[in-house]
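> The following feature annotations were taken from TrEMBL:
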COMPBIAS  326-357  compositional bias 'Basic and acidic residues'
DOMAIN    509-751  domain 'ABC transporter'
REGION    326-420  region 'Disordered'
SIGNAL    1-34  signal peptide
TRANSMEM  295-317  transmembrane segment
TRANSMEM  887-904  transmembrane segment
TRANSMEM  916-935  transmembrane segment
TRANSMEM  992-1013  transmembrane segment
TRANSMEM  1088-1114  transmembrane segment
Amino acid sequence: MAMSGEKSNGRCFLYVLVFLVLIALCSLPLVARAAEDGESAGGDQAATQLFAQLLYSQVSNFTSIFRDDIVKNFGFCIQDVDADWNDAFNFTSDLTFLTSCAKETKGDLSQRLCTAADIKFYFNSFFTAKRSSYLKPNKNCNLTSWIPGCEPGWACSADSDKKIDLKNSKDMPARTSNCAPCCEGFFCPHGMTCMIPCPLGAYCPLAKLNKTTGVCDPYHYQLPPGQPNHTCGGADVWADIGSSSEVFCSAGSYCPSTIQKNSCSKGHFCRTGSTSEQGCFEFAKCEPKSENQNITAYGLMLFAGLSVMLVVIYNCSDQVLATREKRQAKSREKAVRSVRETAQAREKWKSARDVAKKHALGLQTQLSRTFSRRKSTKQPDSRGLFQAKPGSDAALPPFAPGGSGKPEQSSSGAKGNKKDKNNLTQMMHAIEADPESNEGFNLEIGDKNLKKNMPRGKQLHTHSQIFKYAYNQIEKEKALQEKNKNLTFSGVISMATDIDIRKRPTIEVAFKDLTLTLKGKKKHLLRCVTGKISPGRVSAVMGPSGAGKTTFLSALAGKVTGCTMSGMILINGKVESIHSYKKIIGFVPQDDIVHGNLTVEENLWFSARCRLSADLPKAEKVLVVERVIESLGLQAVRDSLVGTVEKRGISGGQRKRVNVGLEMVMEPSLLILDEPTSGLDSSSSLLLLRALRREALEGVNVSMVVHQPSYALFRMFDDLILLAKGGLTVYHGSVKKVEEYFSSLGITVPERVNPPDHYIDILEGIVKPSTSSGVNYKQLPVRWMLHNGYAVPHDMLKLVDGMSSTAGEDSAHGGNAGEAGIEEQSFAGDLWQDVKLNVERKRDDIQQNFLKTKDLSDRVTPGVLLQYKYFLGRVGKQRLRDARIQAVDYLILLLAGVCLGTLAKVSDETFGALGYTYTVIAVSLLCKIAALRSFSLDKLHYWRESSSGISALAYFLSKDTIDHFNTVIKPLVYLSMFYFFNNPRSSFIDNYIVLVCLVYCVTGMAYVFAIFFEPGPAQLWSVLLPVVLTLIATRDSTDNTFVEIIAELCYPKWALEAFVIANAKRYGGVWLITRCGSLMKSGYDLNHWSLCLVFLVLMGIACRIIALTCMVILQKK
């Protein structure tokens, strides 16, 4: 016997065979008697078959006797006792080996069969023996009694007068007579004198002596020396395939019974241990004696079909989006063309009316000279009566269906004039009416209820209607702006009355003695800043580098952490948190954080939909977006991709304007911009500032950091906040009075020098004030405090007295006079302080993210579900435009499947565990790295959007939902190669389900890495973790409890177990011992397949919850 001595396998052999083989043995005496009776009746084979069928109906009940014990002890490898018994010992289909054995044994077959005690002794001795080739001595075979039946492949009979009870598990019967070779279809262990039937799938013929080697082929035992009459017997062992491979029906052949072996025919294949040949698939090539079928063609077909499907989905989706955008562009162009034609028609009609009035004026003059003796009225007065005035009919604003303008009546007019005006209105309406349109605005210029009758946004449904409405409004606003381009007070009032502008809640931010100090360093970032920024005004924050300009605006927006803030900030005169108004506050960061794989319009439209009021009609939202695109000069690039570092898009200046537009489209009440003009040329900066001034006309409080503005740009600001280094205020007031203030200090701006540049050069120390002024740049903050009556800090009083400049310089740059006297701490003390500060900063960041304030913005934005819908559309577009990257991911998975499917062939001893181990590592690694892109590349975008109140849950769920497409497709791509090259016994569906759960699990882990780590460490963790966890999960059993617990929590362990179980279920019959031994050694359970899948899914859900929590808690450093 050449069986392994491993503890787990031996124990499994012992108990499984005691139960299952005993069931078979109980049936064999009846079968033998049936065969013998058939022979004695003249060889009536029909009678033999009849007895066999009767026997099967009786023996099938034997399993009920042992079912409870089998399920209790071997439920991990035997799920269905009846099915496994039928696979291994249901011999009713072919009883030839029994009839042959009955003839050879001359009727004492039942006396030669092993009892339960024999089987227990055999496997127990095999388990405890030091050498696997020998058994312990027993009643029949010992040192004093060694009969021929003790040799391998031989058996003896018990005395005929002794009754054998096969169920007896205590006493071994004596068998010492009539020793003979073991029958075909049975195996006789070395050191025992009884026979055990070989299971189905085994081939147990009589052995033949190989005279060259002296071995009994096909088995591995030799004849005993000194016994010339001893011949080769039957099989001597049945165990796992590693110990008794010679018993298994060889590959390329099938064994319908344990004594018959046939070669596989062409078009069929036969695996090891097969009882019948299996037909090959239509496109599979199977030569005679094929061990397996080559189904690579099906893998290629599956991959080709999958590729076609993906290409169709991509092209169809892309085509749908392109067609939709094209239709919108056509509707937009049609609306623009219609509005322009209408405007041209109005201009022509206005010109014709002016000409008619001019001729009427001349005719009136001639008639008055002819028929009147009085001097005619002076021409200027006549013209004054009839000429167009800003409020008269002749100077009507451009007519815009859907507009809200209400022209004023002329100072004097008769009924006939009103009638003429109505006729003119009808003629104008006829000119601009579209015969195919059924919109029917039917507006009359003189109607006092114009605003009530005009169609509102909720009444507009088609794209054409919406765009026409939007562009009519925009054209009207342009005309009024042109009319009131001087933007005088009366002009502003005229615009406010002529244009129906939605009122926004105003936000006034006042601050007093605002001071920011870095925690632990006692360094001032801002100091004693007092003033306010008001609605309807554009404020510029200027100063040299390090003056705290961005810090100042960030403090006003409530975005500063890691600092100690003192002083007071009032919102609309009340002590309230600025976060209560975050829905109507726009913050434009210095970096252009814009989605590069979306177009300009898509970026702006998404921001508008998520941040404008939920009850605002779509037409009004379109109007807002179109107005911003028009005001920022982005019409020419509205359909162009913004672009990324790798892929060129719009220019840098246009990208900067899109960055500003993202905040403008949400109609903020407070708009804070951090260096919006940096990188822009003078014309682009002027265009941007004009757009911001228009926002200010609607009551928006606009504040921005500006570096070196041109003089024209500088004069467009309303207020100026000039900061010195250390965050000290040098000037805060109207731009028009800044030169007057500095002149009072003796600082005058030279000719042809830009005032802000001159002041910043002075604060930087590059330009020194004239000596006649008696002031230096260090004293300017104190001069401003004294000028306004503010309290001067004690450490700055020296500057007032003109004392040492060193102390003043330190204070001006944020230093403290008392710092010099501080004794140096030890290294441990410094380390402790740094750790303490870092903990406090982290705590501040977390508190900032979970800060709950009362919403005072009076704006109800879309809820989570609606935002989820918007995010889903955006992420879907982004993934379609990144299809090339997805294709590369699929190609890598395809190559991995080919390599692993070819190299890691399925091993019947381990049920393909090696190949599946490589699969778990490869799929985990590749899918994790690909999933990192979902969040690693969009962190900045998320931080910007979440700070404005956009739902983090909607953002996360949309990303995860789109990634489900890869969760479904990637396993198909991998298995299309791996499965059809490796060709395991488990079904394709089982492997696919396990891989889907595995990909879902590792994708969730990748989310955690992407959010918690920077891109570099995240990739490193994604590579190392699958390998390390797989090594832990597949390690040999140890006594270390901690390692055991870690192994149970490793997802590779559960994924590998699911793969192996799905494959092991396909092994039955002669494979039963191999299956039980391998599962026992690995610690797997056939009943845990569903549990493994549930664990993987729950692990994926848990990782997603952790990732979402990290995304909400963690903040940009």
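Backbone N, Cα and C atoms are what each Cβ position is placed from, and that goes for glycine too.
Predicted automatically and left uncurated, TrEMBL annotations should be read as such.
A description of the local structural setting of each listed feature is requested, covering burial, neighbours and distances.
Long-range contacts of the transmembrane segment (295-317) within the same chain, counting only residues at least 6 positions beyond its ends with a Cβ under 8 Å from a Cβ of the stretch, are 281, 283-284, 876, 880, 883, 890, 894, 969, 972-973, 976-977, 979-981, 983.
Same-chain residues lying 6+ beyond the ends of the transmembrane segment (916-935) with a Cβ under 8 Å from its Cβ atoms: 885, 889, 892-893, 896, 900, 904, 942, 959-960, 963, 966, 970-971, 974, 978, 995, 998-999, 1002-1003, 1005-1007, 1009-1011, 1015, 1018-1019, 1022-1023, 1025-1027, 1030, 1034, 1052, 1055-1056, 1059-1060, 1063, 1107, 1111.
For the transmembrane segment (992-1013), same-chain residues at least 6 beyond its ends with a Cβ under 8 Å from one of its own Cβ atoms are 919-920, 923-924, 927-936, 939, 960, 963, 966-968, 970-972, 974-975, 1021-1022, 1025-1026, 1051, 1055, 1058-1059, 1062, 1092-1093, 1096-1097, 1099-1104, 1106-1107, 1110-1111, 1114.
Within the same chain, residues 845-846, 849-850, 935, 942, 952-953, 956, 960, 993-994, 997-998, 1000-1005, 1007-1008, 1010-1012, 1051, 1054-1055, 1057-1058, 1061-1062 sit at least 6 positions outside the transmembrane segment (1088-1114) and bring their C-beta atoms closer than 8 Å to a C-beta of that stretch.
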> Using a Cβ-Cβ cut-off of under 8 Å, list the residues of the same chain that are 6+ residues beyond the ends of the transmembrane segment (887-904) and lie near it.
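303, 310, 912, 914-915, 918-919, 922-923, 926, 930, 966, 969-970, 973-982.
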